[in-house]
Structures are given as C-alpha cells and as structure tokens.
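Trainee: Take this structure, written in structure tokens, and hold onto it; I'll ask about it next.
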Ligand SMILES: [Ca+2]
Ligand SMILES: [Ca+2]
Ligand SMILES: [Ca+2]
C-alpha cells in the first residue's frame, strides 16, 4: 500500500498495520523544530547560527517586532527614517538607548 507523504504521521493510521504512524517525530524539549533530518531545540532558532542545512532555523528572524506584533523587521529597517510597521513603531523609541526589542 502506498499513501501520500502528507498522511504519514498525521495522527491517523492509513496503513492496516499503522506503520505510517510508527516512528513518527514526537516533539520534545530538545527537538522542537525539525528541519530535514535534524531536530533542534527552539533555543537554536534565530541564534545567529545556521543549525539546519536549509537555514530554516534562521529564516524569518527579524530583530524588531512591531508593536502590533504582526511584523518582524531586520535591524536595518529599524530607525532608518521610514516607517515599516503599519503603526510606525519601528521609528518610535529611536532616541532611547535600547530601541530594539527581541522578537521572541
Ligand atoms: Ca497517517
Ligand atoms: Ca540557529
Ligand atoms: Ca523603518
């Protein structure tokens, strides 16, 4: 029997012997993010080092979260004089010592 990859480890057995639900990835503390065959803890996400071969652990890691929390910007877009956040929060607090809030 052949089943689509999307049905492997989807929590519902399609195979009679349930082999599609065997050896499934289970989230644990040291294995919260899966990329390819690797498994890394969330603390490895956005730590500036590529831990996944495809770099997915470092993808989408902005340095500034807009105050509405819907957007995350790279540092280079914060306090550059142009509002990137819908609410302009990336251009506020630019006078303070530490205007950059971490995203997570
Ligand atoms: Ca399944
Ligand atoms: Ca990383
Ligand atoms: Ca900006």
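Every residue gets a Cβ built from N, Cα and C, even glycine.
Here's the feature list from TrEMBL:
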DISULFID  46-61  disulfide bond
DISULFID  79-94  disulfide bond
Trainee: In Å, rounded, how far does the Cα of residue 79 (disulfide bond) sit from the Cα of residue 61 (disulfide bond)?
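Mentor: So the alpha carbons of residue 79 (disulfide bond) and residue 61 (disulfide bond) sit roughly 18 Å from each other.
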Trainee: Can you check which residues sit near residue 94 (disulfide bond), meaning Cβ under 8 Å from its Cβ, same chain, 6 or more apart in sequence, and list them in order?
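Mentor: Listed in sequence order: 78, 79.
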Trainee: Within 10 Å of the Cβ of residue 61 (disulfide bond), how many other Cβ atoms can be counted across all chains shown?
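Mentor: For residue 61 (disulfide bond), the count of other Cβ atoms within 10 Å is 15.
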